[in-house]
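First up is the structure itself, then whatever we jot down about it.
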Amino acid sequence: MNRRVVGVVVAVAGAVVCVLLWRAGQASWQWGLLPWLYLVAGLIAWDRQPRNRTGVLLMLTGVAYLMFLFEGPHVPPLLWTIGVAFELAYLPALVAVLLSFPGGRLTRRWEQCAVLAAVVAMLCWTTIPILGTDPSDLGCSDCPPGLNLVHASPDVVSRLDRIYAAFPGRVYLMVPMLVGLAVVCVVRWWRASRPLRRISGPVLVAAVPLLLALSAQMIANSLKLYDTHPDVSHAINLVAMYAGLVHPVAILIGLSLGWARQARIGELVTELAEHSGLDLVERTMARVLGDPCLAIGRWDPSARRYLISTGADLPDAGSAQSTTYLEHDGRPMVAVVHDRALLDGGELLSSAGAAVRMAIDNDRLRAELSTQLAEVRASRSRIVVAADNERRRLERDLHDGAQQRLVSLALDARMAAAKLEAGDDPAAADSVAAIADGLTTALAELRELARGIHPSILVDEGLVSALRSLSERSAVPVRLLAVPPGRIEPAIEAVAYFVISEALANAAKHASAEEVSVAVRRVDGRVLVEIRDDGKGGADPEGSGLRGLADRVAAVDGRLRVDSPPGRGTVVFAEIPCVS
Amino acid sequence: MGAARILIVDDHVLFRSSVRRMLESQGFVVIGESGDGSSAITAVRTLRPDVVLLDVQLPDMNGFEVARQLAEEPDAPAVILTSIRDASDYRTRLIGTPARGFIPKAELSESRITALLARAQ
């Protein structure tokens with residue numbers, strides 16, 4: 001069910017309970033309002049921030065204050081007893097609310113001990129004694145019958161009495177506790193960072209008078225001022241009551257100031273998403289969190305240190321500071337040195353951390369993207385240059401090879417014709433035979449050239465036949481270890497073929513290899529091509545041939561790796577994604 | 001004038017031998033062969049040919065440059081440029097050259113050479 005509906009229902013129910021109990025009891029209307037105010041403040045806080053336990057603690061405090069309404073002539077005996085037994089339940093609740101503000105969690109050991117001490121005090125002063133008490137002992141005419149809840153034997157009762165007697169009087173323990181709590185509140189406020197001070201300011205203003213008034217009340221009761229100076233006693237009671245009424249409202253105001261600050265995290269996220277230079281992230285986070293000394297360092301994987309925007313090391317946290325480390329996929333990403341008080345800010349730091357993480361992530365992705373873009377641009381222009389070079393090479397091959405041969409043949413043919421004209425038949429016959437041989441050679445050269453441009457066997461019969469043909473013509477013996485039998489996408493086949501063809505040419509021309517092994521495998525939607533020779537190694541992956549191959553492989557989203565340690569052969573490895 | 005004494009300058013051995021056979025069968029005297037520009041200039045200084053059949057595309061320098069340098073020699077020989085390409089590939093360079101003329105390799109013949117030499121004189 002909607003949280004807000006639950007809240008409204010509980011608030012209305014609380015109001016009904018308060019009114020009913022107030023009418024049944026003897027308490028003034030302020031005592032009827034007090035628990036309900038805490039309840040409503042708690043519900044609002046819970047609605048706004050379900051993970052912050054302050055809301056729940058405020059509601060519990062409301063329930064604790066409800067105990068005061070349980071005392072009265074028309075209250076059922078069980079409720080009456082519970083009311084008396086937990087009369088002091090507001091004490092641990094109040095301690096917990098104040099010490100855990102604003103995060104709603106008791107993070108330090110002594111804070112937890114303080115709450116526990118308050119619980120123990122409550123049990124020893126009121127809960128334990130009342131369990132074994134007989135109404136007649138109290139001399140209480142209004143008290144309902146059957147108060148001795150445990151129906152304990154006199155033996156047990158006397159033991160409970162001894163525990164009660166052994167425990168110091170309320171005034172000796174509670175007054176130092178309440179005054180100490182007031183001092184802690186003031187000290188915390190004094191030490192807090194600027195934004196935290198703003199949040200806890202209203203709470204301080206309400207809590208200190210309340211705690212002091214409760215202490216005064218305690219002392220006044222101990223001195224029995226209600227008999228000697230009823231006016232003073234009444235005045236103290238009034239201050240305590242009104243301070244109690246103001247307290248939940250003040251807490252709500254303090255929390256709402258925090259919510260307003262948290263809303264500014266949205267602003268932080270937007271700003272960081274727009275420009276995500278590290279220095280800007282740092283400035284924005286310092287401003288939003290109100291910590292001018294905040295510093296952010298980005299993890300440098302090569303230096304293995306956190307570096308700030310200027311490139312210097314991130315300073316160590318000072319005595320009043322703390323360092324929060326943000327990770328990405330388990331890897332260190334960013335460290336933030338900040339005021340220790342920000343740790344008390346509940347989810348604030350983690351929200352800001354998430355924003356920073358996102359911004360830094362964006363920054364990283366942007367950097368990666370621009371690197372990739374630069375790489376694509378560079379490889380695009382290299383592909384154009386490579387294509388131009390290829391055309392120039394073709395022109396030169398044609399010029400130096402087949403064209404020269406054909407021109408010579410043309411001259412020879414013309415000469416043969418002249419010989420025939422002169423009637424020198426035997427010489428003409430020799431010339432014609434030489435011309436026929438020349439034509440055969442020229443044809444073979446043209447065929448080789450055409451195959452270099454694009455091998456027709458690859459298109460017609462696929463990689464297996466093309467690689468067999470290539471290895472038969474190779475100057476170095478080739479062992480074909482594996483070639484996938486079926487057809488692959490033509491563009492991928494061509495890339496694989498040219499990688500192998502270039503690697504074989506390199507093995508013969510530059511590596512002085514004695515044997516080359518070739519393997520082509522299809523694994524998980526990828527084509528893996530490996531050419532391994534036993535030559536002298538030391539190939540330069542940045543040389544124009546291998547660079548051109550890498551570009552060719554990259555053009556189909558693949559990767560080329562060349563491993564060529566001097567004297568230990570060369571391995572060319574291409575990995576090409578292939579969906580079909 | 002007796003049979004013209006010719007120096008053949010071309011980096012392709014096959015072509016040089018074909019053209020030598022053809023020229024000799026037509027009555028020319030081939031007095032030498034060179035595979036590149038600089039050795040051609042040296043050969044001209046020592047052999048003193050009447051005609052140099054000069055390929056445009058040579059490994060060290062192009063034929064136009066060789067022709068220019070030969071023209072500066074005392075008693076410069078007649079230079080006939082030739083190439084696997086045709087004249088349309090060398091328009092402006094052919095206009096400025098001191099060579100006697102240009103014959104594409106595929107059209108080389110005694111009659112074309114004789115015609116060029118006669119026209120220029």
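A Cβ is built for glycine as well, from the same backbone N, Cα and C atoms used for every other residue.
Note that this is a predicted model, so its numbers are computed, not measured.
Among the features that TrEMBL reports, domain 'Histidine kinase/HSP90-like ATPase' is placed at A:491-580.
If one looks beyond the transmembrane segment (A:5-22) by at least 6 residues along the same chain, the residues whose Cβ comes under 8 Å of a Cβ in the stretch are 29, 31-33, 35-36, 39-40, 43-44, 46-47, 62, 66, 69-70, 72, 75. Summarising the annotation, TrEMBL assigns transmembrane segment to A:5-22 (among others).
Summarising the annotation, TrEMBL assigns transmembrane segment to A:28-46 (among others).
Cβ atoms under 8 Å from those of the transmembrane segment (A:55-72) belong to residues 14, 17-18, 21-22, 24-27, 31-32, 34-39, 41-49, 79-80, 82-84, 86-87, 89-90, 92-94, 96-97, 100, 104, 142, 244, 248, 251 of the same chain, restricted to positions at least 6 beyond its ends. Annotation source TrEMBL lists transmembrane segment at A:55-72 (among others).
Feature annotation from TrEMBL assigns transmembrane segment to A:78-101 (among others).
According to TrEMBL, the transmembrane segment annotation covers A:113-132 (among others).
Under the heading transmembrane segment, TrEMBL lists A:171-190 (among others).
The transmembrane segment annotation in TrEMBL covers A:202-220 (among others).
Proximity of distant same-chain residues to the transmembrane segment (A:240-260), defined by a Cβ-Cβ separation under 8 Å and at least 6 residues beyond the stretch ends, is recorded for 28, 30-31, 33-34, 37-38, 40-42, 44-45, 48-49, 52, 54, 58, 61-62, 65, 97, 101-102, 198-203, 205-207, 209-210, 213-214, 216-217, 345-346, 348. Per TrEMBL, transmembrane segment is recorded for A:240-260 (among others).
Touching of the transmembrane segment (A:78-101) and the transmembrane segment (A:28-46) is ruled out by the presence of fewer than three CB pairs under 8 A, sequence neighbours closer than 6 excluded. Per-residue pLDDT, averaged across the domain 'Histidine kinase/HSP90-like ATPase' (A:491-580), gives 90.
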